């Protein structure tokens, strides 16, 4: 599941997220991106703290209300007094003295409450239990007396690390270590290729090549400013796109142009339809053709002529060629492409998606509509309705099939694969082009526990299943879509007599790298083993030296380090000079001779370019040190992070506790639990991150705890797969048990514990409140929650729950339906965007109806008109977080306790009578 992702919004990560920073149905990156190179949509954030950070507006807002509830005084002015009322002097005096008496009495009660309340008793007993969070403590460099963090700074990206995204590119003759760079400042050529060792362009280098001198070009006197560009593999032509128009999370349309590097001139990709909006365009590996999809049909343009040939002609509202539909884009490919060229450029593989039987779901827009939408006369007052083909759990899925196009013969064909899954039970999750017309296809059944790998020979037009696994029989789990399977071509001179591929497989209860060779061999050579897991591997492959690079959790499930291993499984090595407790990421050049190493935490992030271990040409350059962020960290008071674990039912759960600056163990603190909790996700890690949770601890002065319960990732398959068929049960139990443990700590006020989450985290918030029934958690805040998995999309839901037809009891149990249990909590908050195309507003409305039926009213509700799952429309994103902050302060100040059973007081009635005489 995904949501549009913004800066520092791991609380809103998509349901499909594999780990906190990887993606958002809430989009990801949690960092600002500064691009020296060309990436899709470059971005440079140089945000500074808002003025309020220096004026201290937010700093003291709740300074007197951090650790105790205010006692409510019932002597407010009666708002129903008529504006022209004139009470006598005697009555006024009576009222005055009554008010004075009430004030004195109220203060006395408040003082008595403060000194006797169990939430304010002073404890001198230190926390020395086995679950002490002091086992791994990260304290910021800032002084505890530093400034508090304004919420606007967090939401605005001032605390986002500056991050450079490198666009590695292979040279025309396979040269390694080349970058694609774009100059935004008007100095130097607009688009050029540079050697990584000359990234700043200060040296003369024969590998440098100018592709586009200027940032604009003209076609028939029309001024063109490219928004995205893709050079051909031979670097002689640039495919440029303008007038981008967003579709779904990853997809868009635009006008495409072919720019000739030698003449610096351009022409439309399709001269016959220059204004036709194209959905996808991809280069042939031989640079002589472009395949593209327009109006859901696939075309090919050969650069030697200006003619365009249609590969398909029946595409339309229900048939897609070469691009995914909504659910495949969202849950399978996580991108906009379903077109793959063979490595020799002779064949095109493309997906045919048929949505005819998929039901539609209407999304209403009350305040907005597409720019080209014009209502019929007299219908201006009606909402714009967007119909989405959205397969919910148990409903018909789109049927998909892989088709092929022979470029030389100009003909399309299909390949029958014996023992392949049936059309109505197939999800194609990955297509891997190989050499000599070979293609690997990974497919799963609808419930994602059968995985098959087919090898197809497009030249012979035949294929067969070369591998089949039943995950249900292995560990009762499921298969996640992945896009990292890597084809390894044969090279006898380098010790590779046969073609093969590297895949991530289940080995002794953990995800590990395996090398399958020859191609048809179902029994692999294990490249990694142990009680740890590889992450989106491999990251790079050095075919010259037979070295594989990957990121893994070998040091700790919450750390990430870079490793290398030989293709024969020998010489597993940690990257030299790596810090023991750290979170690294890496991207490699085309031949894996160079890499961009990214240190992402726990200290201030940095980036550097360097040669890979298998490259003897030594090179290192610091690309980013984030000095601005280091300066901020020394000016503002950040919470300290205390990493630990808690054992529940024999499972060791990772925990991070954020303690406020100036933390005092003799005081009692409220605690906010924040969670996501989706299958395979991870929220507890060693990344540097200043987000809403940081703000709550730093500025509001509350403790914030996050625990990754069962079902989350990187702790082994047993830990992850226990939630199969029963989402919400074990995850909620783990949150409750952790909260109980924290409630026993001497510095925690167990009468003030809250929980909150977004998307899957919103679902988990409500399930936790439901299962706990007010025993441990008093408050909860759920944003865009799933409340019934029958309402969510089929591919995601059935992967973990099976189809409703095969797990009716599980779906019933997993729904948020126990209104009586929810009524036992002090109060909870629900927020949702009305135009959420991912987690439909239907989820929240259904829950509200259940609450109405049972007469439950201890909740607040906020609807954001026309906002999708990310909740942005009309400044809604800021409103969400401000509402969360204010609501939480009111909760911990005791406001919701007062509202739980509202009754007029005798004193108010007496005052009302006196004033109305």
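Cβ coordinates are placed from backbone N, Cα and C, and glycine is handled just like the others.
The candidates are 43, 302; Swiss-Prot tags 302 with the feature N-linked glycosylation site. Listed in sequence order, 770, 773 are the same-chain residues six or more apart from residue 818 (N-linked glycosylation site) with CB atoms under 8 A from its CB. For the recorded site, residue 818 (N-linked glycosylation site), the DSSP three-state label reads coil. In the three-state DSSP reading, residue 302 (N-linked glycosylation site) counts as strand. There are 16 other CB atoms within 10 A of the CB of residue 354 (N-linked glycosylation site), with all protein chains counted.
Taking a C-beta cut-off of under 8 angstroms and a sequence separation of 6 or more, residue 302 (N-linked glycosylation site) has the following same-chain neighbours: 288, 289, 309.
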